[in-house]
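Student: Below is a structure I'd like to ask you about.
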Amino acid sequence: MNEQRFFRFLRERIGLDVESVGAPMVERALRQRCVAAGAMDLDDYWLRLQQSADEQQALIEAVIVPETWFFRYPESFTALASLAHKRLAQLAGARPLRLLSLPCSTGEEPYSLAMALFDAGMAPGAFLVDGMDISPSSVAKAGQAVYGRNAFRGSELGFRERYFDALDEGHRLHERVRQQVSLRVGNVLDPALASRDGLYDFVFCRNLLIYFDVPTQQRVFEVLKRLLHPQGVLFIGPAEGSLLARMGMRPLGIAQSFAYVRHEGDSAPLAAAPAQTAKRAFTTLPAPVYPQPSVPLPRSRRVLPVAARPARAREHSHEGASELLAGIARLANAGASEQARSECQRYLSQYPPSAQVYYWLGLLSDTEGDAQQALSHYRKALYLEPQHPEALVHLAALLAAQGDLAGARRLQERAARAGRESER
């Protein structure tokens, strides 16, 4: 096919496995750039691409569509706060903590790292955050640090009041947070990256490996390993754990944190704090209360229709369901996976099916490495609530990790549409 040379170019330059995002999406980007560059056809555009570094970058920008928000996977930031205090004590003032967000996209993740550590009581001189991305436009937007509604998701948005000023065009991040983060353009496939940047105590590289083929995954992992201090912690995406397990890393053992350390016997990774005593960097996201779905229950769990109940009973039932959902979130965020799972089952036995409960069951199974159970639960969540944002994102990542790239792509497109609609 005429497009194959462009696919090879993207693989060589940024490691992209085109099938992971879908050939049609890349083909649309090619058509857009052909028009923008004034090329007569793909052959003409190929010649222009070879002769212009600016056009090469423009094509990469057209293909990359950032999807991120503040405090995505909040349990990772809770774990970071506890681990960072331990690591800082080990350093005993020798140097500040070093953290890396790669890719940093439009800045939500590296700024979340800084806010989490501030919330954990750390002074500005105690840590430094680096953010790197291959996209100059994303890095430029991160530098502006002005964000719209889509960057703030979930119901726990207290950090926005603490660290942002409201503007007509969105919310601007406080200078205090911005000064903690250094941003730059860079490529994770750059072989000089590790030697140039030294070692990091914490590296956040989430939902990147799943877009690469196996050889590129290995190359990227070797770079990450060189960047990471022997006692450091690598935070990844939910569906990438099996990849790291094959590459000599092991989970740290903090539920839903997706934190991994080296499996080598000569390293002494940070011990995970007991979940019940871990100091939180911020209040973790409670389970949102979603509208009750109008699907029939199995006969064994049939409940009295809401319309037939007295008003007081309906009110009491709603409050009980909300309290149970909040309790599930607290247990899961505290790492009490078995108790959280038990409470999910209790909810399903007492109340109508809930997309959020099935999402929690999926995430618990995902964290424990049970991919098939996770798939089943995520799909049930989406049956009940087709636009459930977290279920869409997690199921897409899981399908991509299993090689179902077409299915993952469809879910990614649904998630992107849902995100756009939420901004209207």
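One-based numbering along the chain as shown.
Keep in mind that glycine also has a Cβ here, set from the backbone N, Cα and C atoms.
Pulled from Swiss-Prot, these are the listed features:
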BINDING   T68, R72, E109, D133, N187, V188, R206, N207  S-adenosyl-L-methionine binding site
DOMAIN    1-263  domain 'CheR-type methyltransferase'
REPEAT    355-388  repeat 'TPR'
Student: For T68 (S-adenosyl-L-methionine binding site), which residues of its chain lie six or more apart in sequence with Cβ-Cβ distance below 8 Å?
Tutor: S105, T106, E108, E109, A151
Student: Give me the non-local Cβ neighbours of N187 (S-adenosyl-L-methionine binding site): same chain, 6+ apart in sequence, Cβ-Cβ under 8 Å, ordered along the sequence.
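Tutor: Counting only residues 6 or more apart in sequence, the Cβ neighbours of N187 (S-adenosyl-L-methionine binding site) under 8 Å are R13, I14, I134, L193.
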Student: Might you list, by sequence position, any residue in that chain lying six or more from V188 (S-adenosyl-L-methionine binding site) with a Cβ less than 8 Å away from its Cβ?
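Tutor: Those within reach of V188 (S-adenosyl-L-methionine binding site), by Cβ under 8 Å and sequence separation of 6 or more, are G15, L102, P103, M132, I134, C205, L208, V220, V223, L224.
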Student: Helix, strand or coil by DSSP: which one applies to R72 (S-adenosyl-L-methionine binding site)?
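Tutor: Once the DSSP labels are grouped into three classes, R72 (S-adenosyl-L-methionine binding site) ends up as coil.
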Student: What is the maximum Cα to Cα distance, in Å and rounded to a whole number, among the residues T68, R72, E109, D133, N187, V188, R206, N207 annotated as binding S-adenosyl-L-methionine?
Tutor: 23
Student: Per DSSP, to which secondary structure element type does R206 (S-adenosyl-L-methionine binding site) belong, with helix, strand and coil as the options?
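Tutor: Its secondary structure by DSSP: coil.
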Student: Looking only at the domain 'CheR-type methyltransferase' (1-263), what is the mean pLDDT?
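Tutor: A mean pLDDT of 88 is what the model gives the domain 'CheR-type methyltransferase' (1-263).
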